[in-house]
Each structure stands twice: as structure tokens, then as C-alpha cells.
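See structure below.
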């Protein structure tokens, strides 16, 4: 269930858009994004009272001098274009508060223009191939609250960044930092620091000076230890330390009483740190691939937990402590050594997503059928034992939307799948299916049906009645009806074939019925007898006792 169990997600605030009902000379907002524009329409500059302009995701190559007419503009989004340089007129927008130039191949030297935007509060320069930032930006701008520099080639920050005394959020993910930017430790207004996916080997003790820090992202670095001073960041609620080199967490972290989310996946902990069980306010806990064999008894105290990732560990059974977490909505147990689930699992009445892929179940774990709120079930067995059946009782999961049962040895699917009104995704890839139940055509909510690498030769003739089905995959099946060449053309060709084949069958039935009726009218037999199929080589008449005439001899009581 990799798309549900993942590292801590976060993103900077996105400015709210309110599309105007009318466009006139007093329009305050224009959205011209996603229009394949190669230039900014000059008509935009006639709306002199514009406050917000969205031009992202186009092919714009330059900003015209006419931009200076927009004296009142506060928000300008130009991300995902082809800008290489910025015109000097951009620096005349004295009211501009939010500027997004992300995903443009901008020359860093042209960014000097930005230093004239003295009202700027938000500057986003994600993935612009920057190796350095013009120092003058940090010298001249004093109101920055958000600075986005993710996905560049930065190795350090200019010392002048300490002038940003109002900075609250800084995003430096996926750069080339090997040393933690010490300058950040004097920016006391910082609330969010994102340094994921760098090569940082240590966090300085001075991090404790940031007492207002709320979210700290340090995943995918080279941290072997953590500074005890981090416990002084008393407002810290989100901490992502996934995929580092940690073996333990400082005991002083127990003082972080506002923790709601922590990521520790991909570290060599081998056991759950005792202090984590004291963070009873935790909502999300990532412990995947940490070498765990068991959970502490006190783990049951995490009663507010909604998301728990225990995937890729060494668990031989589903810990009973989990069954006490009544608010749990997502549980990842993938890639362990679990062979059986406890009957108490049904107490997780709010569970919506359950990952069991890659375990050691000998048969389908029917304990999951008591999870009435379950919406997604992952039970593909890409390693170890293979499941040979899915029980008909699967219909008990009436809330189920997605079922992933790939990489098993299933030869058939339960008919009851057709009575699951909310089923949208059914993944049966890499099994031994020889046919689909006709009842599958009743699963009207179905949007994706993945059937690659099975033994299918035919599809149900009414499969085209699934009007919501958008994805149907049939590669690596010995298909005959429809033929492989039809299947290769996609859904539309398959639906057309099924419809035409169905019409042919209806016509054949009508012709057969007409022929039989005609034969009866002409006295060639009773209608019921004509309906009986005749076997090859068994057409000789029988006597009253049911015995056939012997060839060359008359039947008993008959004259030769």
C-alpha cells in the first residue's frame, strides 16, 4: 500500500483563488493558467486594478515591460513556464506580496530584480536550477515570511539571510546541503523548516533557540544522532526523521508534549523508543523498516493514533496492542511475517485502509471481514505463500472501494464481488484466473479492473455494462473472446466487440427459434424434442424400451 503509507507530506500554503464572475476594468483576479500561452496577453495590462494574476503552467518566455501598469497587484504566479530572465519593470510592482517563479530555467543573475519588491512576503523559487541566491535579495527584503527553494543545487545560504527577522517558513528540500545552515538558528520566528533529502550529518545544538518551531523535516539525510537541545522547541508538533542513521532518540524528547506526527521509518531502532508511548497526542506514527520484532505493552496508550505504519519489519503476528487503538484509520502491516490476525481486530471500527501485502498468510484472513468501515484492502502476496481463494463473505465489506489481491494463485473470484456497491478498484494482476464471474458486471461503481498476467480466454459478455470502468488491463492473457488484437486497442474496441458479439448471439438465438418453430409447423417433430441437443453418432431411433436397433437386425416386434 505504498501510495498510502509514505513519508510525511507537507506543502507550503497555496493562495486561495476566487474566480471572478465578470471581467471588466475593475477586475481584481484573473486566472490564465494552463492555457498554452507563449506570451502574456497584453489585454491583461489594461485591467489596472488587478490584485491577483495566475499565469502558471504555460509556455511564457518573457515578462513584458507593460507589467509595471499593474500597480495594485499583490499576487503573481508565473511558475511552470520558460522564463530565463526577468525584466526590470517587474521590480516596480511596489504592492507585490507573493511571487512564484518556480519551475523556470531562470538565470540567477536576473533575480536581482526581486530585491526591489520591498513589500514581498512570499517568494517561491522551487526547482529553478539555482546554485546560489543573489545576496542583495536578503539585504533589501525585510518582510519575507515564506521562502521556497526546494529542488535546487544550493550548498549553503548567504549569511545575510539573518536579516529575515519575519521569516516563518523555509523550504530547502532536495538541495545539496552537507552542513546544517547555522544561520537558521538565529531566525527566531521560524515555524517550519524543511531540509528533507539533503546530505546533512548533524543538527547543531543551537536548534534549541527556535522555541517557536512547529514543523521540522529532516528525512533522508545522514543523521546518526539528534541534539538533546531539540526538546527546547516546545511548540514542535511535526518531526520527520525518516531514512537517517538513528539508533535511538534522546530521552529529553519526552518533554515535547505537543507532538502529533513523527516519522522514524528507515532507521535502525530495533525497538519502539519508550518515550514515544508517552506522546498520547500522536495522530501519525511512521515506524516502517525499523527492525521491529514486537511492540511495547504501553503502545496501547496511543489512543489518538489515526495513522500507523509498521511495514517492512519482523513482526510474526499482529500485535494485540494495536486492537486497543480505537481511532485508527490507516494501518500498514505490509512486508512482515504475519500468518494470522487476532479476532480482536474487529474492534478497529474506524479503520479505512489496511495493508497486509507480503506476509505469510496460508489462507485469506477472514478476520478482516469484521472491519465494517474498511475502504481499501491490500493483500497481494508478492513473496512467500500465495492465497488460492477469496471468500464469498467478502461482501460483508460493503464500504470497500479498493481491493488489491495481486500476486496470488487465485483461479476464480467470488460471485459476491458483484454485490459490493462501492467497489471502484479491483487489482487481480499475476494470478491464475481462467474466467471472471458474470456477477462482476453488477459492480456498477467499478472504475479500474486490472487483470494482467492471468489465464483468461473470455470476458463476460455484459462487461461493457460497467459504464464507469475507465481502466481495463488484459496484457499477458491467452485472450480469444475478444481476441488479443482487439484487447490491445483498449476499452472502446473491447466494448464494441462485446456488443457486436452479443448482438450476433441474440440473432443466432432468434434464427434457431424460428427454425425450430418452422420444423414443428411442418410436422417434423414436437417443439420440446427439437429443443433437445442431438449427440453426434447417437441419432438412430430407440424402441419403446429405450434400446437401439442393432445394425442389420429389426427391433423386437418389428418386421424386417
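Easy rule for this one: first residue shown is 1, then count along the chain.
Each Cβ is built from the backbone N, Cα and C atoms, and glycine gets one as well.
It should be emphasised that the depicted structure is a prediction, and the values quoted were computed from it without experimental measurement.
Residues or ranges marked as region 'Disordered' by Swiss-Prot: 1-20, 529-560. Marked as repeat 'LRR 2' by Swiss-Prot: 48-70. Per Swiss-Prot, the feature repeat 'LRR 3' maps to 72-95. Annotated repeat 'LRR 4' per Swiss-Prot: 97-116, in sequence order. Among the features that Swiss-Prot reports, repeat 'LRR 5' is placed at 117-140. The feature repeat 'LRR 6' is assigned by Swiss-Prot to 141-164. Taken from Swiss-Prot, the feature repeat 'LRR 9' applies to 212-233. Marked as repeat 'LRR 11' by Swiss-Prot: 258-281. The repeat 'LRR 12' annotation in Swiss-Prot covers 283-301. Residues annotated as repeat 'LRR 13' in Swiss-Prot: 302-325. Per Swiss-Prot, repeat 'LRR 14' is recorded for 326-348. Residues or ranges marked as repeat 'LRR 16' in Swiss-Prot: 374-397. The feature repeat 'LRR 20' is assigned by Swiss-Prot to 468-489. The feature domain 'IQ' is assigned by Swiss-Prot to 504-533, with sequence analysis given as support. Positions annotated as compositional bias 'Basic residues' by Swiss-Prot: 533-560.
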Inset, instruction - Mind looking up the mean pLDDT for the repeat 'LRR 20' (468-489) in the predicted model? - result: 92
Legend entry - Tertiary contacts of the repeat 'LRR 5' (117-140) (same chain, 6+ residues out, Cβ under 8 Å): 12, 79, 90-91, 93-106, 108-109, 111, 146-155, 157-158, 160-161, 163-164, 171
Inset, instruction - Report the listed stretch (48-70, 72-95, 302-325, 326-348) having the maximum count of Cβ pairs within less than 8 Å of the repeat 'LRR 11' (258-281). - result: 302-325
Inset, instruction - Go through the chain and flag residues at least 6 beyond the ends of the repeat 'LRR 3' (72-95) whose CB is under 8 A from any CB in it; none is fine as an answer. - result: 15, 33, 48-66, 101-107, 110-111, 113-119, 124, 126
Legend entry - Contact set, same chain, for the repeat 'LRR 2' (48-70): CB under 8 Å, 6 or more residues outside the stretch: 15, 17, 25-40, 42, 76-87, 89-90, 92-93, 100
